[in-house]
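Student: These came from Swiss-Prot, pasted as-is:
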TRANSMEM  33-53  transmembrane segment
TRANSMEM  77-98  transmembrane segment
BINDING   HIS83, HIS182  heme b b562 binding site
BINDING   HIS97, HIS196  heme b b566 binding site
TRANSMEM  113-133  transmembrane segment
TRANSMEM  178-198  transmembrane segment
BINDING   HIS201  ubiquinone binding site
TRANSMEM  226-246  transmembrane segment
TRANSMEM  288-308  transmembrane segment
TRANSMEM  320-340  transmembrane segment
TRANSMEM  347-367  transmembrane segment
Amino acid sequence: MKILRKNHPLLKIVNHSFIDLPTPSNISSWWNFGSLLGMCLMIQILTGLFLAMHYTSDTTTAFSSVAHICRDVNYGWLIRYLHANGASMFFICLFIHVGRGIYYGSYVLSETWNIGIILFLTTMATAFVGYVLPWGQMSFWGATVITNLLSAIPYIGNTLVEWIWGGFSVDKATLTRFFAFHFILPFIITAFALVHLLFLHETGSNNPSGLNSDSDKIPFHPYYTTKDLLGIFLLLLVLMILALFFPDILGDPDNFTPANPLNTPAHIKPEWYFLFAYAILRSIPNKLGGVLALVLSILILAAFPLLNNSKQHGLIFRPITQVIYWIFIANLLVLTWIGGQPVEYPFTMIGQIASITYFAIIIILIPISNTIENNIIKL
């Protein structure tokens, strides 16, 4: 078996990636989230496949087909709630994974980091088109509001919106193409994830100390396979608790009402994992400005490798930047809260302050604190 896994053309790739991979001996549980994201992706593809067998992407039957899955299909309710809450678990793991990358300076591996940003954007697109499929009130109006933002693009905006809609409003053509996108995108995510791993294994993994770990590597299996298994079991435990005890806690009550183009919900808002970006969008009174801020709220992650002027790797020995980092996390939580609130005083003002703070921390405060810490080292 030992000879086979080292010489077989296919098993050799698996062996170099998951068995004999030299890994830093000190990586903590924060490094588990990559494998957890892989697990989430597998759960989403499997549950999504079974849901697609019973779902119909037609405006007249979409809502009923989801109800049919929950009522009449064997364990359909479980598959549906695992898929819906699996998306939330996916984004929790994704946010922690990105947060860990920022804290421990993983962005210096720029190819891996940039592929990660593409993965983040693709996952957000997949989740957005997936949220439209049940064809409830929030699905319909969410699709209308978010796709309508593209009309802010000068000259081609309106044409682009009608092209995406497949008509003059969100209708049957929109739902059908969103279902097609939702089906194909997870496989594109899988391909990007493999490229992400390929680039990571070119350089080797970062570690909590931020120091070179070439002199202290251990094989990935059995040490980190067992560690990842523990993380996977904990993830499955949380997911099952969510799906079985609190299946609708992260959903929107409006989505239990079938889509009605003649009746607008009181507060249109996306799923919780988009609220931070939605708050940034709403905090700018200008439509085009809001759309640009929305896109930049994710693309700003690409600035981390460019703005990195620190002589140290990661934040473990950098107390000033550590404080700024945790302010940044708190600010993100404030934005998430604001995104779910109505557009009125004082929420609009808090949202504007939090949005400015979000960009200021990344572009101004972190580079300044890096410079201060570099000078402290020289003392």
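Heads up, residue numbers simply count up from 1 along the chain you see.
Note that Cβ sites are derived from N, Cα and C of the backbone, with glycine treated the same way.
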Student: Any contact between the transmembrane segment (77-98) and the transmembrane segment (226-246)? By contact I mean 3+ C-beta pairs closer than 8 Å, pairs at least 6 apart along the chain.
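Tutor: The transmembrane segment (226-246) and the transmembrane segment (77-98): touching, yes.
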Student: Distance between HIS182 (heme b b562 binding site) and HIS196 (heme b b566 binding site) at the Cα atoms, whole Å?
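Tutor: One finds 21 Å between the Cα atoms of these residues.
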Student: Please work out which recorded stretch in 113-133, 226-246, 288-308 has the most C-beta pairs separated by under 8 angstroms from the transmembrane segment (33-53)?
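Tutor: Checked against 113-133, 226-246, 288-308; highest Cβ contact count belongs to 226-246.
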Student: I need the least crowded one of these binding-site residues (HIS97, HIS182, HIS201), counting other C-beta atoms within 10 angstroms of each C-beta.
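Tutor: Output over binding-site residues HIS97, HIS182, HIS201: least Cβ neighbours within 10 Å is HIS201.
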Student: Between 178-198, 288-308, 320-340, who has the most Cβ pairs under 8 Å to the transmembrane segment (347-367)?
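Tutor: Top-ranked stretch among 178-198, 288-308, 320-340: 320-340.
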Student: Please work out the number of neighbouring Cβ atoms within 10 Å of the Cβ of HIS83 (heme b b562 binding site), leaving out its own Cβ.
Tutor: 21
Student: What stretch, picked from 113-133, 178-198, 320-340, has the most CB pairs under 8 A with the transmembrane segment (288-308)?
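Tutor: Answer, by Cβ pair count: 113-133.
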Student: Which residues, given as numbers and ranges, are at least 6 beyond the ends of the transmembrane segment (113-133) yet have a Cβ under 8 Å from it?
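Tutor: Counting only partners 6 or more residues beyond its ends, the transmembrane segment (113-133) has Cβ contacts under 8 Å with 55, 57, 62, 66, 87, 90-91, 94, 98, 101, 106-107, 139-140, 142-143, 146, 174-175, 178-179, 181-182, 185-186, 188-189, 192-193, 195-196, 199, 270-271, 273-274, 298-299, 301-302, 304-305.
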